[in-house]
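Working notes, structure below.
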Amino acid sequence: MLKIAVLVLLCAVATHAGCGSLQRLKVKSQWSQAFGVGTDREAFGTALWKAIFAQAPESRDLFKRVKGDDVTSPDFQAHSMRVLSALDQCISLLDDEADLNAQLAHLNGQHDDRNIPSNYFNVMGEAIMQVVPAQLGRCFDRDAWAACFEVISQGVKK
Amino acid sequence: MGGLLTPELGELSLTTLTLPIMKVLGAVVLLGLLAYANAGCRCSADDIKQVLQDWESVWGAEFTGRRVSIAQAVFADLFSNVPAAKGLFGRVNADNPDSPEFKAHCIRVVNGLDLGINLLNDPATLESALGHLSDQHAARDGVTAAGFDAISDSFLNILPRVIPGFNGDAWIACFSKIADGISAGLPA
């Protein structure tokens, strides 16, 4: 009985470790693999935005300035790469709390006056949970990703 | 007999005369085409491949700490060559290069370069991205095209120290394309 209790407790600790230091290292390496290089990276971005707009079609209106009606247009592709680049910066800083917070504060300032409904951050998180595992093929740590994306999105939207 | 030979000779002499002219004309056209092709071909497909390979070997998100170190080193080199440049980065605490504000700034700048490098194979999207970066720099007083030449030198000083077998020629060909796109709307 005690053994089972200990086991249950250990499992609970393992699944609720959140975005701990080991999770951060894992997300960093999985991201760098999924993010890719060159035109593969653009295709990855296109898949991400398609997943976002499929869940929340009305969110396209936020991206009129960068031609959100056509995700393959050069202006939207450039926008897509800017967003992914910002996410890339945050993920690369996950294991350096002070620098990460400075970067999140900067991104927070950039998003302040755009009036983004906070549920859109969840939409983006869900889209990431779809496209990153598709890119990796295997070994996607969903719990680590969910917890660490939460750290980043909370910092950007607070 | 002579009547039969003359046209043959005439034909022969015509050929021997026109052949060199054709060759010269052909060479002129070829040179012109080459010049045209080179003008549009700074940063060739081979250069891009090389630059991406060199760059990604040190820049991936998985390499803890590398990004900050490389970006800090580039700025340290820039500030030692052009001390006045430091004043442009007061808002991000350049006087204290180890502060989180300055390190986050370093990462943003060099990530902008990463964005450009990874778009080299998609000229239309690259142009849009560089236009956006150009607008962001034009809004900052004191940022000049010469400033980009200086930071370009700093990258050339730092990168060979961290990238084994760094290909400087390919780097210059492609970096200048990106830097020119950003500094297009800036004062000299």
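Note that the numbers count up from 1, one per residue, in the order the chain is shown.
Note: Cβ is positioned from N, Cα and C throughout, glycine not excepted.
Automatic, uncurated: that is what TrEMBL annotation is.
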In TrEMBL's disulfide listing, A:Cys19 is paired with one of A:Cys139, A:Cys148. Which one? A:Cys148
Using Cα coordinates, what distance in whole Å links A:His111 (heme b binding site) and A:Cys148 (disulfide bond)? 19
For the domain 'Globin' (A:18-158), what are the DSSP-based totals of helix, strand and coil residues? 114 helix, 0 strand, 27 coil
For the disulfide-bonded residues A:Cys19, A:Cys148, the largest set of other C-beta atoms within 10 Å encircles the C-beta of A:Cys148
If you count the other CB atoms within 10 A of the CB of A:His111 (heme b binding site), including all protein chains displayed, you should get 13
